[in-house]
């Protein structure tokens, strides 16, 4: 230990040096490229597969069951995959294997089948794809955060490029689908999966976090129980979001909208995501993660009510800018909340991210798409959005009331610290009298954090 201290440059702690070295290995430009390519790859199929299944002869109920089943399998797979990533510290390798393994089941969706067997054949291929692609959803943000040394500001600046890649790809895919048909989905998926594999190799670290710790079911369950109202609310939001991601294009097509309009509606959403991701650190510090989630949730309710009343397809372009408020606020806040060591603990970064993905992208969509698909056929394509608006609003009110007792939201402990409060990087054993902390300027939770930090430094 003393040898390590001697090797540390004067004025820096070993931890600080480690973080600087890790940051230098993964410049922000590479993390931006990782997000851009990953979301361009994701955009090739995520929303357009719904239209493909409809053109393939499946009903809204069958499409809902098909996608919900895939989310269920991803939900069951995620805890094991993320636990393996935390235990082995090989998250990037697992992600790359997933990218290669997902190509075959995706291409199997194009195999012609008998009408009576079509639904079962599509289920087999899509569900196999859902299982092998699980790491792509659950590890992407955790690895990007690690590449940014857990810095909210750097992560937000990189995440902007994910939104750009997502928007540009939808802008390209819409006209190409109108011109060449659904083969565009599978060709673009094939080539971008290879590109994503190469970019991932050089853009993110091998592990989501440097701390090696024992990964047990109990440790993961404790994360869930400490934040039960947070995760329950995320499930409700995930159910609502899945109705937009999975069913909105069906609504637009039934209103005789073109595929180009469907793609353009996604591009409009991206424009308003950019400023939120760009200024993520400031927004988290000012609002706190709980308020960000509730604000985004309220905006989603407004969107859903608009869909319920929409009578002309092009008017969707008027409401889709709110997606920048709904998704960007909710996902930024949820991701930063789950990255807080008070929430996840050290060494369980991938597992905590897996829980978030499981609730937002697994349990929520499983419930939303299953019941949404049924309601789509039973009560109509407009009324279903009004029903979901009431459900998501109710969940938000419960979270606002009962979620206050859960761990302090990430970001709020630094939000109220005045700028003149400086935490200097000091080498071990040095005098800490240089810490300029005026305790009277801090509220009780922040004062306790500062006092604890000061005690540890003096020790």
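Keep in mind that glycine also has a Cβ here, set from the backbone N, Cα and C atoms.
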Stretch carrying transmembrane segment according to TrEMBL (options 138-160, 207-229, 230-252): 230-252
Candidate ranges 5-27, 258-280 [criterion: TrEMBL lists as transmembrane segment]: 258-280
TrEMBL annotation (transmembrane segment) - matching range among 179-199, 284-304: 179-199
Which listed span TrEMBL calls transmembrane segment, if the choices are 93-113, 114-134: 93-113
Selected stretch (most C-beta pairs under 8 A with the transmembrane segment (382-402)) from 59-81, 93-113, 179-199, 230-252, 258-280: 230-252
Contact between the transmembrane segment (230-252) and the transmembrane segment (179-199) (3 or more Cβ pairs under 8 Å, separation 6+): no
Contact set, same chain, for the transmembrane segment (179-199): CB under 8 Å, 6 or more residues outside the stretch: 33-34, 37-38, 40-41, 44-45, 48-49, 51-52, 55, 96, 99-100, 102-103, 106-107, 109-110, 169, 173
For the domain 'Major facilitator superfamily associated' (29-385), mean pLDDT (0 to 100): 85
